[in-house]
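The structure appears below as structure tokens.
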């Protein structure tokens, strides 16, 4: 489409001001290597032409804007890639928990393999060969796990694609894909198998035949206990993160939009609807499908149109220019969209002077430091406009941003979007049917695309909703695997102390006392995990919340729920195995003597 044609239908396109940010400049660069040179020339040109600009201006690869579209001081400092890094970290964290779980389960069953180790060492097996054997076993289990994981991925991929509204397929012919899987599998096998292999191979051959597992002490601390503490630290951090993400989403959902999104629809203004808008409006009102109609330059959910250049009395005292957002509209803007007015009135046909009028947001009035703004005159690109109303800030872009200065001015020719206040007396389907009929009768050569503002607003929360779902999933898996690891460790402890418990039972110890004896040490480990995990999670999630201008706080109930939840789940896990050990027949424990 020629630029000259666009200028003929859009006032903004005819505005040559360097403070006009209504359009994005897209340039095709022949040599990416010269991008820095081009950017230096762009910066020089802009600084020479518009000396009041405070921001950096530069070209950035279009293909990178989705993942790396967050900038600071003219440099990319992240974007949605941060979420990818987050989930990669969570995935490897879950994998680490699973590896720790395998270590604990393997060492918990060490008594059953002690005699095997003793026999092999007696007939000449070296420690190195035993380590190789146990590592090979871990690798085989990892290979089986990879096959199961691939099956689960294939089965769950449609659900995952539906959740993210994308189409991901796995290219099994891609060597890079298999190299990645092989690398992760090898790392997992080594990480999970190395400690059990060294642990089991360290048993003394003679002592194993006496049903003792004497071995060299590798480190001066109980590594299994450290691993369990690490497991639950991560699970606690992930659980707190899940609850904070949920609370942030609910906080944003509960934020006042600033206008009435219920029964508010919009459609693009195209074709004959530019010249025949008044006819379209009249026929819609007569049909009973709507109670009010208004045209505007942009959608109410995305009024991104930044500019410099607004002048007002006393602005010289501000010290610097303010960047405003701008929406152009016509009559019945407030009536149609349900914007809350704090002072003044809407644009009205009853006042001929309203064609040179403007509305200011409450944030704009505050930043402009205007006293009694109604009736004041401002200059917008050389046009003198009178302030007739002050409206409450509404959410026009991201729901995570705080209020930003905005102006709404009257425009005779500017359009692009038609806002429709649907008639509550009719069903939704009936209103849509009537709108379609009127639109097609006036503008038959263009499709009618009706969108509902409440759905558009909900879509803005979709990414955080997905983040919450995935965080819940990761949190559940982490807690499940951590409990399995704890179960493995208590099974190991119970197996090691079988004879002790048998003697205690014979001497009259109760089941409760043995359960308490076995449980206390594990509850202490969970207490340590809570002491480490809760402050860590609090710090990390506060850092995450700093990314949002409009954010919640980490409530005390989140910490309480996680502490009590972790304690109860741990207690039930420990109690089950402790009760099982305490109820065992003492005769079976002592009969080998």
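The backbone N, Cα and C atoms fix where each Cβ goes, glycine too.
These figures come from a predicted structure and were not determined experimentally.
The feature transmembrane segment is assigned by TrEMBL to 84-103, 134-157, 177-206, 226-246, 469-494, 506-534, 554-574. According to TrEMBL, the feature domain 'ABC3 transporter permease C-terminal' maps to 89-204, 473-586. Residues or ranges marked as domain 'MacB-like periplasmic core' by TrEMBL: 290-411.
Sequence-distant contacts of the transmembrane segment (226-246) (same chain, six or more residues past either end, CB-CB distance under 8 Å): 90, 93, 96-97, 100-101, 103-104, 464, 467-468, 471-472, 474-475, 478-479, 481-482, 485-486, 489, 522, 525-526, 528-530, 532-534, 536-538, 540-541, 544-545, 552, 554, 558-559, 561-562, 565-566, 570. Counting residues per DSSP class in helix, strand and coil order gives 96 helix, 0 strand, 18 coil for the domain 'ABC3 transporter permease C-terminal' (473-586).
Per DSSP, the domain 'ABC3 transporter permease C-terminal' (89-204) is made up of 98 helix, 1 strand, 17 coil. On the 0 to 100 pLDDT scale, the domain 'MacB-like periplasmic core' (290-411) averages 86 in the predicted structure.
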